[in-house]
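Sequence annotations record features per position, and here TrEMBL assigns active site, nucleophile to Glu97. The active site, proton donor annotation in TrEMBL covers Glu101. If you look up TrEMBL, you'll see 17-211 marked as domain 'GH16'. Summarising the annotation, TrEMBL assigns N-linked glycosylation site to Asn105. Among the features that TrEMBL reports, signal peptide is placed at 1-20.
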Amino acid sequence: MRSIALAIAAVACLAAVARAGNFYQDTEMTWGGGRGKVVDGGRGLDLTLDRTSGSGFQSKSEYLFGKIDMQIKLVPGNSAGTVTTFYLSSQGSTHDEIDFEFLGNVTGEPYTLHTNVFTQGQGQREQQFRLWFDPTTAYHTYSIVWNPQHIIFAVDGTPIRDFKNHEARGVAFPKSQPMRLYASLWNADDWATQGGRVKADWSHAPFVASFRGFSADACVWSGGRQQCPVGTIETAAVGGRRGGRSWWSQQLSDMSYRRMRWVQRKFMIYNYCTDAKRFPQGVPAECHLR
């Protein structure tokens with residue numbers, strides 16, 4: 001166990017060095033009436049929530065598979081009732097979606113990291129975690145690897161969830177709808193903290209969540225076709241670039257799988273696959289597949 005913990009710490013150090021995008025060039029504000037602001041010459045973006053409104057932004061590009069990284073420093077102190085999000089989504093009633101959501105809490109109590117996967121408009125695949133660090137004192141890297149066979153959620157380079165393509169067994173998988181990146185900070189005090197029992201304390205407003213290090217090593221969807229970075233698919237076929245595999249063919253190594261299982265055993269607080277009361281007719285099919 002100690003070796004796995006040390007490996008997680010080592011990967012975290014590496015993950016902190018991310019290729020930083022430019023928020024002026026790569027994103028645009030979508031709502032908030034000026035409450036979201038690009039800072040530090042385009043290297044960062046702050047979202048703000050007050051009693052009147054939250055705020056949000058989106059990527060200018062749409063993606064069809066890729067590795068998306070974002071460094072986030074969450075609302076500090078009493079963040080009860082707030083939700084900070086970082087997710088990919090397509091449009092329409094049969095949309096696909098890959099979610100990171102961070103549910104705030106009262107001072108001294110931990111955030112809840114909420115993950116979900118929607119396919120063809122159907123979600124209900126929630127897994128929730130506590131984090132093994134304070135996500136409000138420094139930036140941490142949250143990543144989505146989305147390729148034709150896997151959706152891997154990672155925190156500081158450590159995988160926490162792997163949603164596999166089981167289409168051959170009748171389980172839908174996001175593979176044909178381009179998705180845009182979205183991020184937001186909003187008031188959800190009717191449900192976010194302790195089931196809505198704890199409301200936002202507006203005396204602490206404005207609440208601020210900070211973003212930086214946006215990186216999209218991804219296939220961009222433009223003009224009705226997919227445009228992948230040079231060598232993405234070719235290097236995946238021959239074993240990867242820089243000594244490793246491209247994200248296009250990425251899957252968990254034995255060590256990565258052990259690290260993921262360690263995180264799930266230690267820090268997972270909800271798993272839809274074990275919620276028999278919620279699914280009296282049986283949990284979804286993917287819960288029985290490896």
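Please read every residue number as a count from 1 along the shown chain.
Including glycine, each Cβ sits where the backbone N, Cα and C put it.
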Message = My understanding is the cutoff is Cβ-Cβ under 8 Å with a sequence separation of 6 or more in the same chain; which residues meet that for Asn105 (N-linked glycosylation site)?
response = Ser79, Ala80, Tyr111, Thr112, Thr193, Gln194, Val198
Remark   = Close in space but at least six residues away in sequence, with Cβ under 8 Å from that of Glu97 (active site, nucleophile), the same-chain residues are Tyr87, Leu88, Ser89, Ser90, Asn116, Val117, Phe118, Gly123, Pro174, Met179
Remark   = On average, residues of the domain 'GH16' (17-211) score a pLDDT of 95
Key: Distant-in-sequence Cβ neighbours of Glu101 (active site, proton donor), under 8 Å, six or more positions away   = Val83, Thr84, Thr85, Phe86, Tyr87, Leu113, His114, Thr115, Asn116
